[in-house]
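Enquirer: Dropping a structure here in structure tokens format, bear with me for questions.
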């Protein structure tokens with residue numbers, strides 16, 4: 001069997017009890033840090049789980065996933081994934097391939113940044129559109145996604161690139177403005193270290209967010225829709241120090 005276990009948002013202690021049981025009962029345990037990161041080292045995980053943990057590279061998942069699946073034919077194999085296992089399409093593809101080859105699969109979900117941003121900001125989950133990634137290699141894609149979402153009055157969750165190093169909100173804003181200068185006037189929320197207990201959440205225009213020191217990664221951003229529900233505005237004022245002028249978006 002191949003079991004996908006979500007590790008949650010911050011460190012190894014965010015794993016669920018059910019996930020912990022699966023790890024301790026497994027024959028082999030693997031972890032991947034390509035699609036996301038966790039602030040726990042392999043050594044810390046091994047000490048916590050009392051089990052050897054092998055880190056997989058991107059190629060192990062995308063080009064050579066058949067090797068993992070072959071091992072799961074005769075053994076209980078766990079793949080640890082930061083956040084929730086099925087947010088990344090890579091893991092859905094592995095699950096599909098495994099099932100087609102007769103290998104049973106199981107998913108043990110974990111907390112995801114996709115839902116955590118709603119709790120940290122007060123933004124309504126149903127008002128989010130398509131998400132995008134701001135990468136170190138500049139691309140028009142995030143700007144296009146923001147514009148498309150705003151055309152339907154939806155918020156945009158922006159993941160920030162992790163390779164070769166985690167991107168900061170400041171760098172992400174610079175990339176967006178470099179692609180489209182009009183981005184600087186949009187309101188957004190910057191979120192740092194979700195799930196750590198030491199989160200930083202700030203709301204302002206993009207050009208002002210760039211000047212804020214959010215501290216160490218991991219960082220994400222939400223570019224706001226054209227309008228806000230009055231409760232979203234109240235929450236942003238309270239949770240994210242949003243400027244009073246943001247009230248003009250309430251509809």
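These residue numbers are counts, starting from 1, taken along the chain as shown.
From the backbone N, Cα and C atoms, a Cβ is placed for every residue, glycine too.
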Enquirer: Swiss-Prot records 9, 84, 87, 112, 113, 194, 219 as S-adenosyl-L-methionine-binding residues. Which of 158, 160 is assigned to the same site?
Expert: 160
Enquirer: Is it possible to get the count of other C-beta atoms within 10 angstroms of the C-beta of residue 112 (S-adenosyl-L-methionine binding site)?
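Expert: I count 19 other Cβ atoms within 10 Å of it.
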Enquirer: State, in Å as a whole number, the widest CA to CA span among the S-adenosyl-L-methionine-binding residues 9, 84, 87, 112, 113, 160, 194, 219 given in the record.
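Expert: For the residues that bind S-adenosyl-L-methionine, the greatest Cα distance is 17 Å.
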